[in-house]
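Engineer: Can you keep this structure in mind? I'll have questions shortly.
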């Protein structure tokens, strides 16, 4: 009733769990009845022997065991005495059931107490292990995994302007391509985060990074829009495991006094991922000579090389992660004390050798990590039942997901969800939007330099040079030839073309509106009929039209460099904020840093709506990125510390 189970899968799981518990209860009840019946038989026999002997009444064993036990348990549970009319066997059954319910009600409190004891023991062990070479090695390994996440965020913004031409993307398709990566990351965070608490941080992170790298590799080669969309979705599912696992994994090797600072340093790799993506886009995408094609069916352009290169951080993270151990805290939570002790000893010995103290012995004994056996049974009783009943991966993830909405963590979860949503909406929204905003400002400035020609008459002229950024109205063109040229941002309105010849024309953002074509031939051009808006065609012919897509705008190479350079600057501006937040995290506190940084970044984001020049927009974007990174760092640390390790 408390779970509000309405879907069939949850009902099936609950029924399965209920049957398992019922079987255990029935077995326990049968054993209890057998023992009580045996006791009753012994009591009757003893009473008969004592009456036959005409002595005090009861034997010593009966006086000291059966009757006293029944009186104590009956008084504790409120169960009437045997002489009140109820059979001794029924008293035992009710006592066993009441004891069972009392144990279940006290389970959560005992388990919480045991977790606090383990946390204190584990903190003291980490203090002895120290902070040194091992933690810094793990820092760079997990940094590569986080860097892969940062790269994925920027890939979409750089690829969209060029992928739309190869795949003939409409505006809705472009929007879906931008959305699909984030959708995959959301699903991935849900799945991998839950699995990391079940099968281990390291193993889950390896699987997630492998899925990301494999499908990122495939996405650079597939040609169709649907297949490319699927690959980006699955790649996003893989990369969605980086953030929830990386910070949990690293925090479990850090003592509390070092946790805030070093988790903030780890966030720098997200910035490096953005710099890597911007630098690779700047160096690769404009080089169209890197492209090749096999007929008209298969094309491999430079932006696909960029997508391939962006998968390298994930591959490097996989190779490095195979050399690192699992989290010892995870092993302790699952009762694997030998494995946990060996890893902690490895951490201690590695740090001591690097500091010049190879003779220092790890003083934690092998058995010092063990809890009391009764505590272990209490803490893992419910876990064993769940593992027995969770015969599907979904149930494992779902049980952990429900745990963070329990009364103990519900308020914290809702608050953190609101903060995470707001931060992601603002930062990632601006990241994807800003390249298009730069293009829009460039287009506005480009339009201000447009040349307008009205009522011009041109006869017997051959145009074999580039026509760009012009508007021709009410013109007349007779027996003119347009050959081997590019038309960029050309508009012809209310014009007449008679006996003209168009050959080998490549156009972008070019339209003919309300024009008349008489006896005109179009040969090997991309001037398709959808570029002719409300035009009249009289005795005109289209031969060997070029295959391609109509683009709203095609930026030249200088404009492309501008977009990459701006993104590079915006990511580099994060560096000062990252350093400051790392140094002050443990001094001013997580909450104060989160609140202060959020307020200041909110103000800078507000003024973005008033920016009307490229320089002003770039400055405000850099300011927003440099300030908001402190919020991200404090949010990462705070989220890790607000949940216990088995729900982290």
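In case you wondered, yes, glycine gets a Cβ from its N, Cα and C as well.
Among the features that TrEMBL reports, compositional bias 'Low complexity' is placed at 41-50. Here TrEMBL flags 51-64 as compositional bias 'Basic and acidic residues'. The domain 'Major facilitator superfamily (MFS) profile' annotation in TrEMBL covers 138-648. Annotation source TrEMBL lists region 'Disordered' at 41-70. Annotated transmembrane segment per TrEMBL: 15-31, 136-163, 175-193, 205-226, 232-251, 263-285, 305-324, 381-401, 413-434, 561-585, 591-610, 617-635, in sequence order.
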Engineer: Go through the chain and flag residues at least 6 beyond the ends of the transmembrane segment (136-163) whose CB is under 8 A from any CB in it; none is fine as an answer.
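Structural biologist: Same-chain residues near the transmembrane segment (136-163) but 6 or more away: 169, 174, 177-178, 181, 185, 205, 209, 212-213, 216, 228, 232, 235-236, 239, 242-243, 245-246, 249-250, 253, 262, 265-274, 276-278, 281, 285, 301-303, 306-307, 310, 313-314, 316-317, 320-321, 323-324, 428, 431-432, 434-436, 439, 555, 560, 563-564, 567, 571.
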Engineer: For the transmembrane segment (205-226), I need the partner stretch with the highest count of C-beta pairs below 8 angstroms, choosing only from 175-193, 305-324, 591-610, 617-635.
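Structural biologist: The stretch I would name here is 305-324.
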Engineer: With pairs 6 or more apart in sequence, are the transmembrane segment (263-285) and the transmembrane segment (617-635) linked by at least 3 Cβ pairs under 8 Å?
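Structural biologist: Result for the transmembrane segment (263-285) with the transmembrane segment (617-635) is yes.
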Engineer: So which of 175-193, 413-434, 561-585, 617-635 has the most C-beta pairs under 8 Å when paired with the transmembrane segment (232-251)?
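Structural biologist: Between the candidates 175-193, 413-434, 561-585, 617-635, the best contact partner of the transmembrane segment (232-251) is 175-193.
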Engineer: Could you check if the transmembrane segment (591-610) is in contact with the transmembrane segment (175-193), meaning 3+ Cβ pairs under 8 Å among residue pairs at least 6 apart in sequence?
Structural biologist: no
Engineer: Can you tell me the mean pLDDT for the domain 'Major facilitator superfamily (MFS) profile' (138-648)?
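Structural biologist: Reported value for the domain 'Major facilitator superfamily (MFS) profile' (138-648) is a mean pLDDT of 82.
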